[in-house]
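Trainee: I'd like to ask some things about the structure below.
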Amino acid sequence: MIFWAAFTKLADSNFTMPLAALLSFWLAGARAWKPFFQWSFLFGSGIVLVVATKIAYIGWGAGIAALDFTGISGHAMRATAIAPALMAILLQKQTRQLQQIGLLAGLVFGIAIGISRLAIHVHSISEVISGCILGAIVSLSFAWLIRNRPIVFDRKLLIIGVIALLPVLTLKPAPTESWMESVAYYLSGKERPAQTTNLESVTTEYR
């Protein structure tokens, strides 16, 4: 449990959101505008879907009781989206086989983050699976779109940026759940989260 609680922090929003932004800034610095907009759109769409499902549950009880689904796992989505995308960029000049290994490693990392969410009991299996699938769609779509579009820019800057963000992992997680609850309450006019029939309450800590 202690290991998984520490490991899952690698996908906290206060670390992964800056990572996603770093990738966008790097693409902009490379003047790779098409990949920049593609990445921004794909990742942004993934985040919107995650937030929408959570707000829908908190505000209106829109979940799937049979699957214990109350919203897509943001940690699983972000990890499975960002890690393979970074590998696709960093290994773009390498052999196709090495690129595929990098993508697979990124996906495995994302799945491991999903497992960590199950291990610390903050998500159901359906929430983790949906997060991993959504993240994989984002990252693999991005990797496919840039497969024949060489990006000429210093990749060391990207690596340095990732390393520079590591101290963020020592900070407390951003209160994203609290923010989403506030939005859900405002939009729905309710003071407390609604729940679907027979759906067990799920703690939002660490989500």
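From the backbone N, Cα and C atoms, a Cβ is placed for every residue, glycine too.
Worth saying up front: this structure is predicted, and the values here are computed from it rather than measured.
As listed in TrEMBL for this protein:
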TRANSMEM  15-33  transmembrane segment
TRANSMEM  40-60  transmembrane segment
DOMAIN    72-148  domain 'Phosphatidic acid phosphatase type 2/haloperoxidase'
TRANSMEM  72-91  transmembrane segment
TRANSMEM  103-122  transmembrane segment
TRANSMEM  128-145  transmembrane segment
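How buried are the listed features, and what sits near them?
Mentor: Through the fold, the transmembrane segment (40-60) approaches residues 20, 24, 70-74, 77-78, 81-82, 85, 131, 134-135, 137-138, 141-142, 177, 180-181, 183-185, 187-188, 190, 193-194, 196 of its own chain, all at least 6 residues removed from its boundaries and within a Cβ separation under 8 Å.
Cβ atoms under 8 Å from those of the transmembrane segment (72-91) belong to residues 8, 10-13, 16-17, 19-20, 23, 26, 39, 42-43, 46-47, 49-51, 53-54, 98-99, 102-103, 105-107, 109-111, 113-114, 116-117, 123, 127-128, 130-132, 134-136, 138-140, 142-143, 146, 151, 155, 158-159, 162, 176, 207 of the same chain, restricted to positions at least 6 beyond its ends.
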Trainee: I need to check the long-range neighbours of the transmembrane segment (103-122): which residues 6 or more away from its ends have a CB within less than 8 Å of a CB in the stretch?
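Mentor: For the transmembrane segment (103-122), the list is 1, 4-5, 7-8, 10-11, 73, 75-76, 79-81, 83-88, 128-129, 131-132, 135-136, 139-140, 143, 202-207.
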